[in-house]
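Q: Annotations per TrEMBL:
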DOMAIN    B:31-578  domain 'Cytochrome oxidase subunit I profile'
TRANSMEM  B:48-70  transmembrane segment
TRANSMEM  B:97-123  transmembrane segment
TRANSMEM  B:144-162  transmembrane segment
TRANSMEM  B:193-213  transmembrane segment
TRANSMEM  B:233-259  transmembrane segment
TRANSMEM  B:294-314  transmembrane segment
TRANSMEM  B:326-347  transmembrane segment
TRANSMEM  B:359-384  transmembrane segment
TRANSMEM  B:396-418  transmembrane segment
TRANSMEM  B:430-456  transmembrane segment
TRANSMEM  B:468-487  transmembrane segment
TRANSMEM  B:517-538  transmembrane segment
Amino acid sequence: MSMSAFFIIAVLLLGFLIVFQIAKASEYVAVLKGEKKTFEQNNRINGFLLLAFLILGLVGVYWCNALLKPKILGEAASDHGQKIDQMLYITLIITGIVFVLTQVLLFWFAFKYQYKENRKAFYFPHNNKLELIWTVIPAITLTILVGFGLYYWFKITGDAPKDSLVVEITGKQFAWVYRYPGKDNTFGKKYYKNINEAQSNQLGLLWDDPASHDDIVTTEALYVVKGQPVKLVINSRDVVHDVGLSHFRMKMDAVPGTPTTMWFTPLYTTEEMKQKTNNPNFEYEISCDQMCGKGHYSMKGIIKVVSQSDFILWRAKQKSNYAQAFPEKVPSAATPAPAADSTKSAKPAADSAATAKK
Amino acid sequence: MSNEAILHGSEVSTHEAHHDGHGEHHHHETFISKYVFSMDHKMIAKQFLITGIIWAILGGLMSVLFRLQLGFPDATFPWLENILGHWAKGGKIQPEFYYALVTMHGTVLVFFVLTAGLSGTFANFLIPLQIGARDMASPFMNMLSYWFFFLSSVVMVSSLFIQTGPASGGWTSYPPLSALGDASLGSKTGMDLWLISMALFVVSSLLGGLNYISTILNMRTKGMSMTRLPLTIWALFFTAVLGVLSFPVLLSGFILLLFDRHAGTSFYLSDIFLASTQKALPNEGGSAILYQHLFWFLGHPEVYIILLPAMGMVSEVMSTNARKPIFGYMAMVGSIFAITILAFLVWAHHMFVTGLNPFLGSFFVLLTLLIAVPSAIKVFNWLTTLWRGNIRFTPAMLFAIGFVSLFISGGLTGIWLGNSSLDIHLHDTYFVIAHFHIVMGVASFFGMFCGVYHWFPKMYGRYLNNTMGYIHFWITIVGAYLIFWPMHYEGLAGMPRRYLDYSGWASFNQFGGLNHFISIVSMIVFAVQLLFVFNFFYSIFKGRRVKSENPWGSNTLEWTTPIHPGHGNWVGEIPEVHRWAYDYGKDGREFISQTEPISANESEHH
């Protein structure tokens, strides 16, 4: 063990010894001084400390807020996120008032009604009126919160709009895989037993299904369009993961065998966020929010929010998974087509793909 | 020696007195039957308490180790490798071990410390003493309850020493991660030992719980109607009911998990391809979410199993030391009852983002937020109990006040998380960690400390050292707030739980300095808990002696027993009860014991 560890242990032991000696000595002093006198003195000190704790605590709460508020993520970057932030502020105001009120009463009462020789405690076993008040008021307040909460909840979890961009996202230990349906706008069938990473089939697409031939599978980033609702179909290949999108305030588990969905509308492109946050390296990150094994903490994905035209350009450049798996069968895939050509041919496909088939 | 003489005076006689305090229970006691396989509820309580303390030190130490990683992600600590070997290669905690630490920290603190250590201790100690019984309904089952817990502890400790390490899938152990050894090192033998240990724990908890319920219902002394019970007993009663009804469901979930692990079943498994083996598993049609339902059907009542005893003890200690009746006794009982019922109806609020049907989710929002009503009643009743009291700040009382403060702080954030729309953003972030550590972890610990400081004189016939108690309280409450309050902000930024290093994340790495601060405070707070442990063991042998039967001027029956009660608790007849437990400050009298008959000229009695 290193010197510093020994040093820390030595300091700790010494600290213990000192505290113990003081504590022990105070016990002897108490006996010599008289138990009653010591008790009264201790009571006064602790009564004062309770009041000090209340005041310093409230100052601390204010100070902590001033210090840390700039570090939380700023404005929500999706429409749903904005709703969640509104809900958050409503809840903050209501619970904040209750917090200050009850904490002040607690510590103030403790201080004010501390032991005094001549004080008689007030025999007050119950009072139906008071009890009714503090049953009914919380009940009403909570009804308000439940009302707001469910209003937003159903807006957020309701069906995705028909013009949503549908993207499939699949979690695996410890990365994210994204799939776009391709020109036919239909996801090809897949079966997990067909997964074969050596043969470039990470998701187990069934090549017998022609719909799978134009599906785009990528691990680079999840490209979505500013202002267009995006619906994520969420899968897992192994254990439970979770698609956590803190800037969009969204989250949904990825459960093997049971696909889940969530949708939202991004409000700012990645470029716009770079300017808004004054951070040239800004990225929308996907964090895995469900414990998934030793690489959980590093399971990161990137979402690129781009304009409609940039999205079409990006899409046109992507090779289908089929073309990657069987380069010999799709000759065009071997050498990328000239950019002008590819945009031209991809355009109608992109338009149709942007609209999900219901 | 002269100092000792000052402290203990000429007080040999009281110490001797307890030897003839056995009443009708005269039988020869050997070391084994008195201290090891004891059937005396008081000794079993102490066994639970001391085992709980040892577990708390271990569980706390684990948190210090992973806070070391979180606070100093770039540093290396070569001495860690000396202790932990390949788990801390090059002085850095390895990811597998980090996850094992958080998993064990959660399991140990939730089950072994705050369930067995808290309920096990105080249900055993207080139920017979406060209801006026000589022992539990079945002292033998009670003994088994402890030894099953002990066995469970041995299995859990042994899992720390195996090659592949202990379970590491989080204290919730969600499958498929926990079902597949190829998905994680900790899901190999460590997970089997975890499941076996937890199964033994469930047996222990059921044996104890059934005993507590039957004792309270059947063995109350003459005059002790249910509405005259101290609130501690009501709380322990509902705690036991919760445990008896929900632990078996957890066990069933574990058994299915064992089948999935070893018998080739597919209860929780479907469509799995493991990257580590590059193989697809044959299992199809299972639901990973089923486990979460079974788990949280216990998991949520579990937080009340932890919290209710603390609430009961806080009510008792607060009333005693405010020298004033607990305000709204019936409302207090009613709110514990309401919490017990609701506890069974809210489990899916842990699952809002699992793909649960949103319509179903909305019912769980409603029921979850309903819990805030009985909780609010309790808080306001505690506040009113303090109002116009004549308060003595014993260490127990300070911990009771601290409990209420923490319960308010952590309870209010429950209103955030229980609302599903907010939970979407806050789920599995540091906000959740802050919430449950404050309301369940630290608050229940405060309840436990409150109980230990208050009933230590009854347990050992000596006092804990007051000065150390005050130091313990003040550093712990300040430290707890410093640790957990700022975590809310990390959670608001969406910072996920169970990451060992945030430096690779543009969204979360702004909290490096804060994590550093939190880690340092948590180590200080841990050191102060060791001071308490020292105080505890030192005072068992060397503490100031208790000189009167009723040192706190309390109304309840345990203070009518001899200073060192023998097996059987009362010498001669068990006293009869004539009133409720909270006649403090009535008719100008400081306290009136439950055993005192109502006098003719007493003002309207309760």
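In case you wondered, yes, glycine gets a Cβ from its N, Cα and C as well.
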Q: So if I exclude everything within five residues of the ends of the transmembrane segment (B:97-123), which remaining residues of that chain have a CB under 8 angstroms from its CBs? That is, six or more out.
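A: For the transmembrane segment (B:97-123), the list is 44-46, 48-49, 51-53, 55-56, 58-59, 62-63, 65-66, 69, 84, 87-88, 145-146, 149, 152-153, 156, 160, 165-173, 184, 186, 190, 194, 198, 201, 204-205, 208, 212, 232, 236, 239-240, 243, 302, 305-306, 309-310, 313, 440-441, 444-445, 447-448, 451, 455, 498, 500.
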Q: Do at least three CB pairs under 8 A connect the transmembrane segment (B:144-162) and the transmembrane segment (B:396-418), leaving out pairs fewer than 6 apart in sequence?
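A: Per Cβ check, the transmembrane segment (B:396-418) does not touch the transmembrane segment (B:144-162).
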Q: Could you pull out which residues elsewhere in the chain have a CB under 8 Å from any CB of the transmembrane segment (B:48-70), counting only those six or more residues past its ends?
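A: Result: 77, 80, 92-93, 98, 101-102, 104-105, 108-109, 112-113, 116-118, 120-121, 124, 146, 149-150, 153, 452, 459, 500-501, 515, 518-519, 522-523, 526, 529-530, 533, 536.
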Q: Please compute the mean pLDDT of the model over the domain 'Cytochrome oxidase subunit I profile' (B:31-578).
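A: Mean per-residue confidence for the domain 'Cytochrome oxidase subunit I profile' (B:31-578): 95 out of 100.
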